[in-house]
Structure formats: C-alpha cells, structure tokens
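A quick write-up on the structure given underneath.
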Amino acid sequence: MSNSIFHKLMFSFCLVLVMVLAACSSDDEASESASGENTVEFWHSMTDTAGDAVEQVIEEFEKEYPDIDIKATYVANQGEGQNEKLLTAIAGGNPPDVAYFDRFEVATWAAEGSLESLTDLAEEAGISKDDYYDFAWDELIYEGDLYGIPTTTDSRLLFYNRDHFEEVGLDPENPPTTIDELEEAAEKLTIKDGNRFERIGFIPWFAQGSFYSWGWSFGGDFYDPETGEVTADDPKNVEALEWITEFGKKYGVEDIAGFTDSQGSGAMDPFVSGQISMKIDGNFGVASLEKFAPDLNYGVTPIPTPTGDNFKTWSGGWSVVIPKGANNQDGAWEFLKFFGSEEGQKIFSEGSRDFSVIDSVNESLGYTDDPIFSEFINILPESNSRPVMTAGSLYWNALADAVESSTRENGTPKENLEEVTQRVTEALEE
Amino acid sequence: MKKMEQSDQALVEEGMEASIKKKSKISGSSINGWLFASPWVIGLILFYAFPLFSSIYYSFTTYSILSPGEFIGFSNYKQLMVDGIFWKSIYNTVYFAIFFVPLSIIIGVALAMLLNMRVKGMAVYRTIFFLPTLVPHVALAVLWMWLLNPGFGLVNGVLDAIGLTGPNWLGSVTWSKPSLILMSLWAIGQPVIIYLAGLGDIPQELYEAADVDGASWLQKTFKVTLPLLTPVIFFNLVMGAIGAFQQFTLPYTMTQGQGTPDNSLTFYVMYLYDNAFKYSKMGYASAMAWILFIVIMLLTAVIFISSKRWVHYQGK
C-alpha cells in the first residue's frame with residue numbers, strides 16, 4: 001500500500017523532472033547554435049533600399065572574414081524611442097552581438113550601462129574622431145567613453161516647388177532666405193477654399209519641421225554640454241515658437257491639422273501631389289521624390305532665418321553598437337570596424353542613398369556634384385546634433401508638446417518652453 | 001458483557017485504523033495533486049506574483065530595467081502629484097470612462113433588445129453587429145481615421161449633404177475624445193452578446209403575467225426586462241470601467257504614441273508606457289501602475305457595494 005503511494009510520487013516527480021529538463025535542454029541547444037564561436041548576431045530595422053544595402057555590406061564582410069558568420073535579423077521598431085525588444089534582451093542577459101542603433105539614444109543607454117564601451121578597442125585600431133563628421137562622433141561619446149561606430153547621417157533643408165513659384169510670380173532662382181520672405185511666399189502660394197486648403201504654401205511643423213530645426217535657425221540653443229544646463233526657454237527659441245504660433249493662428253491650426261491628417265507618405269506625400277509648395281525635409285526625402293515623382297521640378301535651400309544668413313540645420317543618424325553582455329564581442333568589433341570603414345561606408349551609402357559619416361565617401365559617391373544632394377552636404381559642417389544627454393527622448397517629446405500646446409493656445413510659448421526646461425532639468429537631476 | 005466489551009474495543013480499534021488509513025490516503029493524493037499542479041503553481045508565482053509584488057518595491061526606486069536603481073522612498077509618488085501630463089492623462093482617462101461606460105451600457109442594452117426580437121434573418125443581423133468586434137484595434141484605428149477625415153471622410157461627407165459643417169474630428173482638442181468614444185462604441189459586440197444571453201434568461205411567464213395585467217411595452221421594459229438584466233449590466237459595468245481605465249491600443253496607434261492634438265489623447269496607460277520604455281523610468285511607471293490599480297480597485301469596490309441596491313437576481 002505505502003509502496004503504491006511511493007510509486008505514484010516517484011512517477012509524478014519524474015514527470016515534472018522530465019518536463020523541466022526538456023525545457024532546459026531545448027534552451028541550451030538554441031543558444032548554442034545562435035552564439036557559436038564565429039557567429040555574430042546582428043539586429044537591425046532596415047527594409048527596402050537600406051535593407052538591401054546592409055545585406056551587401058554583410059556579404060562583403062563575410063568575403064573578407066570567411067571565419068565570421070553574420071546572422072542578421074530584422075527587428076521591427078528598433079530605434080527612435082522604440083527599443084523594447086533590445087531592452088528586454090539586454091536585461092535578460094541574452095542580447096545580440098551587434099545592434100543598429102539610433103545615435104541620439106546612445107547617451108541614454110550608455111548611462112544605464114547597457115552598451116559596451118569601445119574606447120580601448122577604437123584606440124587600438126586607430127579609429128578616431130578625425131575619420132568622421134564631428135557631430136556624428138560626439139553623439140556617441142558619453143562621459144568620455146565611446147559607445148558606437150557611426151554609419152549614416154542626414155541634414156534638413158527647405159524643399160520648394162519651382163513650378164508653383166513661377167505660377168504665382170516668385171523667382172524660383174531666389175527662394176526665401178529670411179523668415180519674412182518665407183511668410184510672404186507662403187501667403188502667395190496658399191489657395192484656401194472655406195476651411196479647406198486646395199494648396200498650402202508652407203507648414204512650419206510639417207515633415208522635418210521639428211522645433212530643433214526652428215530653434216537653431218532662429219539662433220537659439222538647447223543645451224550647454226559644459227554646464228549641463230537645459231535652455232529650451234532661450235529667448236531665441238521663444239521667438240521661434242512665437243513665430244510658429246502666429247503662423248498657425250493665421251492659417252487656422254485646426255484647418256492645417258485637417259489638411260495634414262489627410263496626407264500620407266510616399267506617393268501620397270502632399271509635396272509629391274503638389275498640395276504643399278514648401279516643406280522642411282531631410283535628404284532621405286529626396287529618394288522618395290526620385291521614386292514617386294521623378295519629373296517634379298523642385299529645389300532645396302537652407303532653412304530661412306530671421307536675418308537671412310547664419311543658416312543652421314541639424315543631423316541625426318545611426319550607428320552600430322555592442323549591447324552589454326554580448327557573447328561574441330571580438331567578432332562584433334570586427335563587423336563594427338568594417339561597417340564604419342571607408343569600404344563599408346561606400347557600399348552602404350551607395351545602396352541606401354543615405355549620407356555617409358565620412359566626408360570623402362560622400363565626395364567619391366558624387367553626392368557633392370549632385371545639385372540637390374550637394375546642398376545637403378555643404379551645410380553639414382554647420383550642422384548641430386541633438387543634445388547628447390540621458391533624457392534625449394524626453395526632451396524631444398517635451399518640445400513637441402510645447403509646440404502643440406502653444407499653437408493650440410494652451411499657454412504662451414514662453415510658459416511652455418519654461419515648462420520644458422523644468423521637466424528636462426528635473427529628469428537630468430535624477 | 002465481557003465479550004461485548006471486547007468486540008466493542010475491536011470495533012473502536014478498527015475505526016481508528018480506518019481513520020488513519022483515510023488520513024494517509026488524503027495527504028498522499030494531495031501531494032500528488034500539488035506535484036501535478038506544480039508547473040502551473042511555479043509559473044504563477046514566478047511570472048505573476050513575483051513581478052506583481054516586486055513592482056511595489058520598484059515603485060519606490062529609480063529602477064530602469066537595465067539598472068536596479070536606488071531606493072528613494074515616496075519621491076516617485078510625490079513627483080507624480082506635480083507632473084502636469086500625469087494629471088492631464090488622468091483627466092483624459094476619466095473623461096473617456098465617464099462618457100464611454102454609460103453610453104456603452106445604454107446602447108448595448110438597446111441593441112441587444114433590438115436583436116432579441118423575433119424577426120426573420122435575425123442571425124444575420126446579430127452577425128453584422130458582432131463583426132466590428134473581430135476587427136483588430138489597429139485596423140479599427142486606421143479605418144476610423146479615414147471615416148473621420150475632415151477633407152474627404154464619409155462622416156463629414158454625410159453631414160455636408162444635410163447642410164452641416166462637420167468639425168475636424170481627430171484634429172481638434174474638443175472633438176478628439178468624443179471621436180474616440182464613437183470609435184470604441186462601434187466595437188460593442190462583446191457586451192451585446194452577454195446582454196442577449198441575459199435577455200434569453202428572463203422567464204417568459206413574467207411577460208405573460210404582465211400581459212395579463214395589461215402592461216404596456218414600456219412598463220414591461222422597465223419593470224421586467226431591465227431589473228432582471230441588472231446582473232448582466234453589473235458585470236458589463238465592472239468590466240467596462242476596468243477596460244476604459246486601461247484604454248491604450250486605439251489612441252496609441254491613432255496618434256503614433258504622441259497623444260495629439262495637444263495631449264488630448266494621452267491616456268493614463270500611454271503615459272505609463274512612455275515613462276517605462278521611452279524615458280527608462282520604470283520605477284516612476286511602476287508607481288503609476290499602482291495608483292491605477294488602487295483607483296480601479298476602489299471604483300470596483302464602490303460599484304460592488306452599490307450593487308446591493310440596484311442589482312436584482314432572479315429567485316431572490
């Protein structure tokens with residue numbers, strides 16, 4: 001009798017044991033095959049032309065390093081404040097060896113100790129700031145240490161439709177340079193019917209018209225890296241937001257929202273369909289214009305400023321990083337080096353049509369000879385990068401909130417920007 | 001006599017033995033039971049209880065998933081009290097709940113009563129009203145963004161045709177939340193099914209008795225149908241309130257996580273999510289989660305306590 005209880009006990013115990021073991025063993029197998037000695041696991045979020053370009057980079061790399069095998073995985077929503085999968089992978093101690101990463105978040109992640117420092121490796125390999133654009137390199141430095149290798153960059157300019165300019169009697173060879181000229185042109189170009197826009201001249205916050213674009217163009221600044229002071233309420237920034245608010249009031253913020261809500265991207269972009277005459281956009285906007293509207297007669301010019309000189313822009317871009325706790329760091333570093341090298345950059349930039357972070361590569365790919373691309377390249381030395389700080393995402397969202405609130409007349413521009421300064425300062429103090 | 005005593009004793013002994021046997025049998029089988037249930041029990045403790053209780057601790061720290069953070073006492077909670085967007089998100093969420101929950105009950109019950117009539121092809125009508133529930137939230141958001149488009153959306157087109165100028169639904173601070181309520185009401189099929197089941201549960205003889213007494217349709221509805229439907233309404237009220245406070249997918253997809261215009265669609269859970277995963281303030285987000293938990297608990301408690309006054313169970 002006691003025997004039978006004992007048997008039952010043993011049986012159920014064994015059953016549980018088998019189940020647990022089965023679960024463990026399948027885990028072991030999976031991680032072994034994924035992190036074999038010469039396999040580098042690489043997560044990226046690129047599709048379309050950039051996706052093809054990165055495949056080419058990997059192919060070339062594997063040709064040169066036949067003993068390293070890159071296992072590339074597409075991960076949707078990586079970068080731009082959406083890194084949940086990478087976040088949990090690092091927290092769980094099972095990250096990829098290399099991740100394609102938005103440079104603007106590197107400082108935040110480095111501060112959390114979630115990226116491997118590359119300072120010593122870069123020094124050994126002789127990679128330094130001199131190889132790249134200054135702002136691209138600076139975005140990867142947190143408290144004196146390097147946390148990634150830059151791969152792409154961009155800049156923002158004013159796009160304008162030449163045919164529309166001629167139609168209303170503006171000179172397409174002399175696009176607006178001052179804010180007053182911009183406003184005047186916008187007024188001439190706009191065709192409004194009731195509360196609907198048949199065509200709108202310009203919307204300050206459309207496409208890449210984020211507040212960073214305007215603050216810098218008005219001569220303001222956002223952050224002092226020396227003192228760590230947040231200056232969202234810089235008087236020049238306030239001036240910029242006051243202008244944006246006035247602009248919104250003049251054309252009707254809700255009517256503009258009605259217009260922008262009806263627009264799409266790609267072939268549905270209002271600049272492609274001729275429903276907007278001027279917009280702020282990046283060089284990545286050129287590729288879609290080439291694809292969807294090859295005959296569009298347009299030009300690009302620096303973002304107008306109050307004085308008509310001291311043109312400014314800002315640049316973002318991507319990098320490759322090694323997440324903390326990656327298994328194959330040696331292999332990962334070889335791949336990072338190759339991706340950031342002149343050779344890797346040439347392959348990637350040519351395929352993706354994204355700007356390289358190396359000046360000579362952009363030149364050798366003919367970007368400086370192209371009438372449109374050269375404008376973007378020429379302004380890069382004057383370019384800013386978003387503040388390198390641990391609250392980068394918060395700052396970005398808070399500024400977007402301030403523009404929304406001000407244009408909706410919920411608080412004055414000054415009040416709203418003061419609130420941004422306060423919010424971000426508090427977050428930095430934590 | 002002696003014999004009797006002896007046999008009695010034997011009986012008692014036997015009984016004792018039997019009870020021992022029984023006891024050991026019970027403990028044996030319960031060990032087996034626990035062993036078989038152990039994968040589930042371990043899973044529950046590991047994946048539910050542990051994260052749940054550790055989040056209480058984390059709400060007192062600067063935890064950020066990647067770093068354990070420092071213990072900072074109540075500062076997360078104190079900071080929340082002066083966080084403007086936190087209060088805005090509470091306002092938006094309460095606004096949504098106050099309008100959506102009662103409306104969903106009124107419309108849901110009305111719809112269920114319509115779908116309970118004996119008409120030919122009722123199965124088809126019921127299916128039609130249930131179909132929107134099957135549409136994923138993301139698709140629902142995109143669909144309604146087009147319907148409510150101020151330029152060429154169907155809704156404003158219809159309003160135009162009858163001589164009204166429709167507002168810019170999703171682009172206006174005033175109209176964005178009503179639009180969201182409208183969208184949510186569209187996918188009301190689930191509660192309607194429950195109401196229909198509740199209606200089917202009301203005994204026919206009550207209506208017959210009411211007919212005999214000469215009750216009108218209105219009287220039957222308010223004296224028979226609705227009172228006997230209250231248990232189901234009660235259930236849907238509790239579930240609806242909890243769901244309304246956790247509103248996330250629809251506004252998040254519609255505004256790409258921005259809560260535009262002017263944070264009028266920033267709901268509580270959206271702001272919680274932003275803090276947790278975008279600003280890496282998991283401790284702060286945990287504090288928010290516990291505040292939400294307490295609010296929902298209190299609200300549910302109030303509904304439960306008040307239910308004694310207005311919920312009528314059959315046979316009581």
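Even glycines carry a Cβ here, placed using N, Cα and C.
Going by TrEMBL, these are the annotated features:
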| type | residues | note |
| --- | --- | --- |
| TRANSMEM | B:31-50 | transmembrane segment |
| DOMAIN | B:90-303 | domain 'ABC transmembrane type-1' |
| TRANSMEM | B:94-115 | transmembrane segment |
| TRANSMEM | B:127-147 | transmembrane segment |
| TRANSMEM | B:179-198 | transmembrane segment |
| TRANSMEM | B:226-245 | transmembrane segment |
| TRANSMEM | B:287-306 | transmembrane segment |
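As a quick check, the transmembrane segment (B:94-115) and the transmembrane segment (B:287-306) miss the bar of 3 or more Cβ pairs under 8 A, pairs 6 or more apart, so the two do not touch. By number of Cβ pairs under 8 Å, the transmembrane segment (B:179-198) is matched best by B:127-147 from the list B:127-147, B:226-245, B:287-306. Packing against the transmembrane segment (B:127-147) from elsewhere in the chain are residues 111, 115, 153-155, 170, 179, 182-183, 186-190, 192-193, 249-250, 253-254: each is 6 or more residues past its ends and has a CB under 8 Å from a CB in it.
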